[in-house]
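What TrEMBL annotates here:
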type: REPEAT; residues: 86-118; note: repeat 'ANK'
type: REPEAT; residues: 176-208; note: repeat 'ANK'
type: REPEAT; residues: 209-241; note: repeat 'ANK'
type: COMPBIAS; residues: 259-269; note: compositional bias 'Basic and acidic residues'
type: REGION; residues: 259-278; note: region 'Disordered'
């Protein structure tokens, strides 16, 4: 029966799903067997949370109707936080794959915002849903999670959370402020960048991975953030401590990885290119 459920979910047909679950409500709790693109299988809710990524073609896509699928599964008894022993909750999966629609449904159903992935899980071992959304640059999901009350300094920066002011008032360590600046730059949260700089965060502060906020914004292809950081004094010639690359190097490396035209990375490249010699 798992294959029948998989077909209905792939079609994103909520009407057929509700009819199927009316006959077999237990399917909402049965793992979907391993199949193309999903070698380990998945819980039904987890499978829905991953639909934005076509694992067979290796492509991201815009999908709609996933929230209705999640609601139908929850109504039929799917556990909102997954089964005991699952490596991550459905909310963490939705955060990793950037499905804000599913995340909103799960939050409304009472999903545990503080739940963490298993230490040996893929993605961000031991990380919350908010941390996954921040690390994988899923800004829309970060917004949903912070609005629901999930927050800490580093990951509140991803969503421009109103809680940020209070968190900064607690005088957090510089390392946390630098990490927050990097995340804010990646997500294009320029107001958060300004708050962090006003709180004394060094604009060229080096994060735990050896890079600066400018490296992160360049890698992400955020011309608005790159331009803003340069105006605030960021050094475009600074090299990261892990690979010895400048922000421009990071931009070019990521553009090459993506392997297709990317106007945002092109614009970042122009912003960071050294001035022509006379």
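Numbering starts at 1 and runs along the chain as it is shown here.
Using the three backbone atoms N, Cα and C, a Cβ is placed for every residue, glycine included.
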Worksheet item: Under the DSSP assignment, what numbers of helix, strand and coil residues are found in the repeat 'ANK' (209-241)?
Response: 17 helix, 0 strand, 16 coil
Discussion item. Based on DSSP, tally up the residues of the repeat 'ANK' (176-208) by helix, strand and coil.
Written reply: 20 helix, 0 strand, 13 coil
